[in-house]
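> Mind having a look at this structure? Questions to follow.
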Amino acid sequence: MGDVVQMHFSTVDYVIFVVLLVASAGIGLFYAFSGGRQRTTQEFLLADRSMRCLPVSLSLLATFQSAVAILGAPSEIYTYGTQYWFLGCSYFLGLLIPAHIFIPVFYRLRLSSAYEYLELRFSKSVRICGTVTFIFQMVIYMGVVLYAPALALNAVTGFDLWGAVLAMGLVCTLYTALGGLKAVIWTDVFQTIVMFAGQLAVIIVGTHQAGGIAEVWRKAQNGSRIASLDLNPDPLERHTFWTLGVGGIFLMLALYGVNQAQVQRYLSSRTEKEAIMSCYAVFPCQQIVLTLGCLMGLVMFARYGEESPLDQGYVKTNDQMVLYFVMDVLRDLPGLPGLFVACLFSGALSTISSAFNSLATVTMEDLIKPHVPPMTEARATLLSKMLALGYGLVCLAMAYIASLMGSVLQAALSIFGMVGGPLLGIFCLGMFFPWANSTGALVGLGSGLIMAFWIGIGSFVSRMSASVPPVINATVIPELGNMTTTVMTLTTTKPRPSGVQALYSLSYMWYSAHNSATVVVVGLLVSFLTGPWKEKELNPGTIYPVLGNLLFFLPKRYREKLCCVTPLDDKSKGQQPYQMAQKESNGVGLTKDEDKLRDEEGGQIIIQSTSNTPHTLQETAL
């Protein structure tokens with residue numbers, strides 16, 4: 001390839017990048033000064049529960065399709081082959097379960113924060129623990145999401161590092177704090193389109209330069225990058241069909257089932273049916289995104305073969321490889337590098353803005369409102385906006401801390417996965433096991449978090465420590481005519497880990513499943529030791545009757561003894577008034593049109609319009 005100098009943006013590239021930021025800020029300003037002008041917490045935090053299916057589904061997709069994923073997936077395919085593509089198999093159940101279990105429960109309870117559910121099902125202390133865990137998870141992740149693409153861009157193009165960080169952070173804070181959830185969702189839609197356009201541009205140009213898609217495929221096959229179905233059940237193997245297709249389901253559930261950033265989008269939908277449809281619409285979009293990432297990785301391999309830019313010393317890390325490839329492929333096409341960088345930063349912006357909005361919501365709903373005197377609507381909305389602004393500044397501070405971490409960057413990313421599992425576990429414990437009590441939930445969550453950090457940090461430390469040196473086996477092939485060939489095969493003779501070391505070697509794709517299972521098992525054990533709750537002690541609407549549905553063949557009296565006939569399954573009990581946690585007039589629970597009797601999606605909702613009385617909800621079976 002010859003000598004490669006650091007590549008630079010053209011004027012057109014800078015213009016495209018600036019247009020992205022200006023357009024994103026413009027959408028935020030539009031929603032700040034139109035419609036209800038974000039004057040109520042209902043409008044600011046939940047888009048007045050008025051969003052349609054398509055924008056919600058694209059926003060769901062964009063929220064966790066971050067810049068880290070756009071940079072990571074192609075370099076994963078380039079290095080290890082297409083095995084990663086089997087993650088797509090997990091999307092089916094990973095989105096079907098949230099659509100038919102989590103969304104109906106959350107939507108019918110008319111929640112604002114997913115962690116309100118934990119108080120209704122368990123107690124206020126469980127709710128606060130869940131909220132604090134989520135805030136910790138998102139604050140750490142935000143800094144990494146903001147810093148990682150800026151660092152890669154700086155290394156490859158010389159683009160000013162902190163200029164990029166500040167531009168992204170401030171624009172994102174501006175439109176989130178001014179425009180609320182409506183602005184976040186509509187900028188996500190715009191940014192998703194930019195993401196698709198940027199990736200497609202690189203794939204089309206790269207494929208053309210490589211000699212067509214057939215040539216790309218041929219080179220990938222010759223280089224052993226087209227992976228076959230690996231059915232090895234060993235959970236210590238990094239990527240197999242089981243780790244990706246089954247372990248990935250729990251990862252998807254943690255993201256799309258119980259994460260506040262996603263739950264908030266479901267709750268902003270006009271109806272429960274539209275919320276479910278938006279979850280369905282994410283499925284084909286996710287498959288397209290995954291396929292684009294895999295294609296880009298294969299086009300990269302067709303261009304560089306085994307001589308990666310990393311091995312050649314042109315870049316320092318895997319994450320920078322994709323950007324180097326983009327700048328290399330598109331160097332003679334002004335504007336297209338700018339489009340891909342806009343695509344990259346769109347991924348970062350959509351993730352960060354969702355984090356700001358969800359953090360402002362949980363802080364307001366879970367930590368402030370229950371512990372302060374009732375506020376006026378205007379004051380509550382102003383406070384919500386100030387919280388979104390405050391989290392924006394925290395994000396910039398976290399980006400600075402991420403810059404000091406160096407190799408700990410991967411550890412910070414792992415924290416997102418490590419914390420997601422225990423949070424999924426506590427929601428599953430509450431929703432599927434009627435016997436679980438508040439003590440069991442608290443001990444279970446604590447055990448899950450301890451287990452998560454023990455495995456996560458232990459795995460990181462063992463990877464960083466000196467690995468076993470490879471043993472060289474020399475195989476000499478007999479002389480053929482005048483040619484003598486000596487083949488040196490490098491094989492690492494590493495014994496299979498056992499005991500604690502096996503735990504540290506667990507594939508990261510199983511973290512979510514392992515940690516959520518820990519919460520459920522410990523939670524149930526502690527609940528049975530401290531006195532399991534009976535069905536009549538539970539709030540109607542907080543249990544999904546999965547056991548009742550699975551044991552449908554048993555007579556009802558036996559199911560009652562097993563505590564399988566839950567409030568959602570028993571219509572006579574489902575008609576009992578359900579006292580929600582009291583919400584004052586500034587509570588984000590109900591839309592302005594809901595002070596009348598309303599029959600929606602098969603569930604009656606009766607709301608008392610007086611501001612200082614609790615809202616009474618009646619639910620029928622799911």
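Numbers run from 1 along the shown chain.
Any Cβ shown, glycine's included, is placed from N, Cα and C.
TrEMBL does not curate its annotations; it predicts them automatically.
From TrEMBL, for reference:
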- 574-585: compositional bias 'Polar residues' (COMPBIAS)
- 591-601: compositional bias 'Basic and acidic residues' (COMPBIAS)
- 606-622: compositional bias 'Polar residues' (COMPBIAS)
- 572-622: region 'Disordered' (REGION)
- 14-33: transmembrane segment (TRANSMEM)
- 53-72: transmembrane segment (TRANSMEM)
- 84-107: transmembrane segment (TRANSMEM)
- 128-149: transmembrane segment (TRANSMEM)
- 161-181: transmembrane segment (TRANSMEM)
- 193-214: transmembrane segment (TRANSMEM)
- 279-302: transmembrane segment (TRANSMEM)
- 339-362: transmembrane segment (TRANSMEM)
- 382-402: transmembrane segment (TRANSMEM)
- 408-433: transmembrane segment (TRANSMEM)
- 440-461: transmembrane segment (TRANSMEM)
- 508-529: transmembrane segment (TRANSMEM)
> With pairs fewer than 6 apart in sequence excluded, do the transmembrane segment (84-107) and the transmembrane segment (279-302) have three or more C-beta pairs that lie under 8 Å?
yes
> Under 8 Å for C-beta pairs, could you tell me which stretch among 84-107, 128-149, 161-181, 193-214, 508-529 has the largest tally with the transmembrane segment (14-33)?
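Top-ranked stretch among 84-107, 128-149, 161-181, 193-214, 508-529: 161-181.
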> Cβ under 8 Å, sequence separation of at least 6 from the ends of the transmembrane segment (128-149): give me the contacting residues as numbers and ranges.
66-68, 71, 113, 115, 118, 164-165, 168-169, 259-261, 319, 344-345, 347-348, 351-352, 355, 358-359, 362-363, 366-367, 391, 394-403, 409, 412-413, 415-416, 419-420, 422-423, 426, 442, 445, 449
> Looking only at residues six or more beyond either end of the transmembrane segment (161-181), which have a C-beta under 8 A from one in the stretch?
21, 24-25, 27-32, 38, 43-47, 146-147, 149-151, 153-154, 187, 264-265, 268, 345, 348-349, 352-353, 356-357, 385-386, 388-389, 392-393, 395-396, 399
> For the transmembrane segment (193-214), what are the same-chain contacts with Cβ under 8 Å, counting residues 6+ beyond its ends?
20, 62, 65, 70, 288-289, 292-293, 295-296, 299-300, 302-303, 325-326, 329-330, 333, 336, 339-344, 346-347
